[in-house]
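Look at TrEMBL and you will find 14-34, 54-75, 120-139, 145-165, 216-238, 244-262, 274-295 tagged as transmembrane segment.
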Amino acid sequence: MEVAEKNVTSNRRAILGVMVAAGVLVVLASVFYFDVIVDRGGEWLEGVGPEFFLFVLGGFIAQMIDGSLGMAYGVSASTFLMSFGVPPAAASASVHTAEIFTSGASGLSHLRLQNVNKKLFRSLLLPGIAGAVTGAYLLSSFEEYNYILKPIVATYTLVLGVIIVRKAIRKHQPKTKTKNIPALASFGGFMDSIGGGGWGPIVASTLIAKGRNPRYTIGSVNLAEFFISSASSITFFATIGVGYLHIIVGLILGGLVAAPIAAQLTRKLPVKKIMIIVGVVVILVSVRLIVKAFLA
């Protein structure tokens, strides 16, 4: 028993160490853009308006959903931002920057509550990072084609909404072995950067649909998301710079408040009903974006 407890403690320390190292990398990356951040910060403080509190609320709701279900933070926040006219690359960059903080807080909460399967976490980590970096680079490289990208990304989020609803109403299936988890993680990380969300709906929902324990799947996916978001954000910083600071700060503040609450509710919420609601909302917002793009 003591050996098992020592192993758990050792694993926690190792993961915390890696998270700290990733955080240091993000800080170092931010140093290169310090002047930009200071200038934008001053402009932001002067121009904060009522919409800032909408971003705080959006961050809170998105993190409550993501922290309790292991999915839909990115897709919820991104569809919300694009509905306000934010370009796809900027929306994805803002969401992933905010997710560094919110997913870090959520991951630590799940780690403290022993909701993390270390083997699953390791299988998700590196492939997910590789996919996220690739997706972020490609999206930022084609930023001038926003008028084409926006309906494409909205179509993708529409599909994710359908997937979420389908996973919710599907009857329980016996557990089957999930083949090639690294490939799933790589695809999830790639699409997460491209669409501003999708890590949870693709990875967590697939694993849960295969019969994996929701508690450990959600905890592991949430913890891995911290590293996925960090890698994606650094790539966006290097390619398109820092912008939309008021959006990022609003999402962070709302998400940090929600993260510990959501982790506690993981085992108590009526998951199926919430998944249906989230899926329907994502579908409706995505359809609105698609219609708006074609009528423009």
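Including glycine, each Cβ sits where the backbone N, Cα and C put it.
Give me the lay of the land around each of these features.
Remote same-chain partners of the transmembrane segment (274-295), defined as residues 6 or more beyond its termini with a Cβ less than 8 Å from a stretch Cβ, comprise 65, 68-69, 72, 75-76, 79-80, 82-83, 147, 150-151, 154-155, 157-158, 160-165, 167-169.
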State the residues, same chain only, that lie 6 or more residues beyond the ends of the transmembrane segment (244-262) and have a CB under 8 A from a CB inside it; answer 'none' if no residue qualifies.
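Tertiary neighbours of the transmembrane segment (244-262) are 37, 40-41, 44, 47-48, 51-68, 73, 77, 81, 86, 90, 93-95, 97-99, 101-102, 105-106, 109.
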